[in-house]
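Chemist: This is the structure, below, for whatever I ask next.
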Amino acid sequence: MRVLETIVALREYRKSLEESVGFVPTMGALHKGHQSLIERSLKENSHTIVSVFVNPTQFGANEDFNAYPRPLEKDLALCEKLGVNAVFVPKIGEMYPYEAEQRLKLYAPKFLSSSLEGAMRKGHFDGVVQIVLKMFHLVNPTRAYFGKKDAQQLLIIEHLVKDLLLDIEIAPCEIVRDDDNLALSSRNVYLNATQRKQALAIPKALEKIQQAIDKGEKACEKLKKLGLEILETLEVDYLECCNHKLEPLTIIEPTNTLILVAARVGKTRLLDNLWV
């Protein structure tokens, strides 16, 4: 497995590849959710490149950029064990050669980025589209793999690829859950044992909503009320029912509905969702 630290090294390596290339962009602190993306890429492509880069432009002033876990050696060991061909681990100066005021500014489309996570984390998705587009230019993948857990991010990336006419297939990957049903996240390491038990209200709320939908309930307000009753011990940022353009719904639309939740357990903010 190659560990590539510079753009020059990545470009040289990429030029040597003639068959399909799968790309899994990450911020490191890899878990079984990332592993599932990597394994799918390995299955569907001749070569797989993983990036490990904690992107500063998608963190707000009061967010956890400096505290974000960075177990690089562990991440590299997992990638090698899985059979990844190359891992791109650039420094910030490689990806952002100019100071902030000198950079070309990219903005996520407002109709997808102004609500939900975008409302809670101003500028977050602008930073996401900036780094993802840079990575796409460098890696030039056949396919790129993104988890459905970050649903709003996935929809924005799909829009980016279509809008900018990029010849890249975006492969959405199912949410991976731990044995207790909590959606896997690099931020789960922040939870102590008590907080982890409290956090289980999130998947329980979504499970209750899914059960109601399966029984025929279609009214979004009733579904949200069911979920909020279970989430009452947590600090809920939002529990929303939207279509795939992130427009609020009053009635469930089969195959075009997302139930999205963000809640805080202590200082840790967790996301989860249902694709209906």
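Any Cβ shown, glycine's included, is placed from N, Cα and C.
So Swiss-Prot says this about it:
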type	residues	note
BINDING	27-34, 147-150, V176, 184-187	ATP binding site
ACT_SITE	H34	active site, proton donor
BINDING	Q58	beta-alanine binding site
BINDING	Q58, Q153	(R)-pantoate binding site
Chemist: Under 8 Å Cβ-Cβ from V176 (ATP binding site), six or more apart in the same chain: what's there?
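Modeler: Residues satisfying the criterion: H31, K32, G33, Q35, S36, G147, A183, L184.
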Chemist: Which residue among the recorded positions H34, K148 has the fewest other Cβ atoms within 10 Å of its Cβ, if you could check?
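Modeler: Output over recorded positions H34, K148: least Cβ neighbours within 10 Å is K148.
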Chemist: Out of H34, Q58, Q153, point to the one nearest S186 (ATP binding site) in space (Cα versus Cα); all of them are recorded positions in the record.
Modeler: H34
Chemist: At 10 angstroms around each C-beta, which of the binding-site residues M27, L30 has the fewest other C-beta atoms nearby?
Modeler: M27
Chemist: Determine the Cβ neighbour count for Q153 ((R)-pantoate binding site): the number of other Cβ atoms within 10 Å of its Cβ.
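Modeler: Around the Cβ of Q153 ((R)-pantoate binding site), 23 other Cβ atoms lie within 10 Å.
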Chemist: Hey, does DSSP put G33 (ATP binding site) in a helix, a strand, or just coil?
Modeler: helix
Chemist: Which one is closest to the residue listed as 'active site, proton donor' in space, judged by CA to CA distance, out of the binding-site residues Q58, K148, Q153?
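Modeler: Ranked by Cα distance from the residue listed as 'active site, proton donor', first place goes to K148.
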Chemist: How many Å separate the Cα atoms of Q153 ((R)-pantoate binding site) and L30 (ATP binding site)?
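Modeler: The separation of the Cα atoms works out to 18 Å.
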Chemist: Counting only residues 6+ apart in the same chain, whose Cβ is under 8 Å from the Cβ of Q58 (beta-alanine binding site)?
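Modeler: Result: G123, H124, F125, D126, G127, V128, I131.
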